Amino acid sequence: MHPQFTVLLNKRLLLVLSGILCEYFLFTTFILFSKTISADLLPKVSVLGHQLFTISVLCLAGLSRPLGGILFSSIGDSPIRYRIFNFSSLVMAISSMIIACLPNAIYFGFWAPILLLFIRMCQGIVIGAVIPEAILYCYEQSEPHSRLFATNLANMATGCGFLLAMLSADFMYIFLDEHNWRYIMFAVSAICLLLFIFTKSYFINSKAPQQTTLGGFHSIRDVINGHKWEIIRLFCFATFLTSGAAVFFYIMPDFLTQYFHYTWTETRIFGISVVVSYLFGMIVAVFFHEYINKNFYISSGFIFKALLVFVFHSYITHDFYEVLLLSDFCCFMFGFFVAKLPVMMITSFPTHLRYAGVSLVYNTSFGIMFGFSQYIIGFLIQKTHSLYMPSMYIIFFSYVSLISLWFMSKDTFTRYNNHQK
């Protein structure tokens, strides 16, 4: 076995990753079934009302993620931090069961959508709390030679959750009725309940090793006061990567259907292939991580900007296979670029403030991009009538990222090899 992959023998780590996969599977299921859920749970209102509700369901979970990191920072940098895994599984199990049992609007009126929005906010808070903890746990459970791959496992778990959600949605559309989305909620609830039982056994009853110091209730304040420039630089750098993932994963399938009339089969193939390419890019980066440094990001960033314009030009030509190939390559590069982001975040903050720092950078960049991108791009297309807006959106954040790179030291990209746990 390659030295990087030995971390996969850690049973506790695999349990954590299973929880992340399951929670992101649920997160993505709401995106894929948002219109159907809106039609079932929202009383008869105008088309605009349904659209606003759909936007709220999707947006609220993403934007509440930074709140999760802030609320849990009091224990995220403390010896009891592993209870976050246990708590998140329980919340996901209960919330999924409640959603599955929600009556349709015809029986429950406006209380159904109100309760759904509240639950989605709670789930976003939980995801915002548990993913930074999972990244830190993967880092601390690995040896120096496997840290890059280990910390990427949390990102890979989110991608796998997205992929499984797409496959489940396809199965539902083909063999069942899309209005049977409650079956998925019941299944997720049962799986999360099992994860709750196992995490309680592995992390609480067995007294898992705790390698952090008590950070108190002031971790967020301390990390902002003492490391605000690291937060700003890492946030700006991450916006390029998260905006690209948001566009290709969440926006492009609807974009291709609405503006270029792609078939359902073509959009499904597109959605699955870009996620697989993204995951493959992260795996390949493990073997070439020595070459991923400041100069690599700067030089490849300029080339990537030109490629993005060409990609969106290919959409207009309606050549599906050209679109698929170029989009897959873009997502492969996004996966390749994002590979070092977790270790860069971790090693930029002192041990007692790691959770607070990582949660701020990760949740704000991913939460804002995944929460707002679809609506910003839709607004820009409506105002400019230009179908190049998605590529311009990514390119804008690539320049933001480029500016931040100029102010990063070179050892930011390599210090994880010798950094203390």
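Each Cβ is built from the backbone N, Cα and C atoms, and glycine gets one as well.
TrEMBL does not curate its annotations; it predicts them automatically.
Some features that TrEMBL has for this protein:
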TRANSMEM  12-33  transmembrane segment
DOMAIN    12-413  domain 'Major facilitator superfamily (MFS) profile'
TRANSMEM  53-72  transmembrane segment
TRANSMEM  84-108  transmembrane segment
TRANSMEM  114-139  transmembrane segment
TRANSMEM  151-175  transmembrane segment
TRANSMEM  181-198  transmembrane segment
TRANSMEM  231-251  transmembrane segment
TRANSMEM  271-289  transmembrane segment
TRANSMEM  296-317  transmembrane segment
TRANSMEM  323-343  transmembrane segment
TRANSMEM  355-381  transmembrane segment
TRANSMEM  387-408  transmembrane segment
Maximum Cβ pairs under 8 Å to the transmembrane segment (12-33) - stretch from the list 114-139, 151-175, 323-343, 387-408: 151-175
Within-chain partners of the transmembrane segment (181-198) [C-beta distance under 8 Å, separation at least 6 from its ends]: 15, 18-19, 22-23, 25-26, 29, 33, 36-37, 40, 86, 89-90, 92-94, 96-97, 99-101, 168, 172
Selected stretch (most C-beta pairs under 8 A with the transmembrane segment (387-408)) from 151-175, 296-317, 323-343: 296-317
Cβ contacts under 8 Å made by the transmembrane segment (114-139) with residues that lie 6+ beyond its boundaries: 7, 13, 16-17, 19-20, 23-24, 26-27, 30, 37, 41, 56-57, 60-69, 71-72, 76, 81-82, 84-85, 87-88, 91-92, 95, 98-99, 102, 147, 150-151, 153-155, 157-158, 342-343, 345-346, 354-355, 358-359, 362-363, 367, 421
Seg_contact(the transmembrane segment (323-343), the transmembrane segment (231-251)) with at least 3 CB pairs under 8 angstroms, min sep 6: yes
Feature contact check the transmembrane segment (151-175) with the transmembrane segment (53-72), CB under 8 Å, 3 or more pairs: no
Average model confidence [pLDDT] within the domain 'Major facilitator superfamily (MFS) profile' (12-413): 79
Long-range Cβ neighbours of the transmembrane segment (84-108) (under 8 Å; 6 or more residues past either end): 15-16, 19, 22-23, 26, 40-44, 72, 75-76, 115-116, 119, 122-123, 126-127, 129-130, 133-134, 137, 182-183, 185-186, 188-190, 192-193, 195-196, 199-200, 203-204
Whether the transmembrane segment (355-381) meets the transmembrane segment (151-175): three or more C-beta pairs under 8 angstroms: no
Residue numbers, six or more beyond the limits of the transmembrane segment (271-289), whose CB comes under 8 Å of its CB atoms: 4, 148-149, 152, 155-156, 159-160, 162-163, 166-167, 245, 248-249, 252-253, 324, 327-340
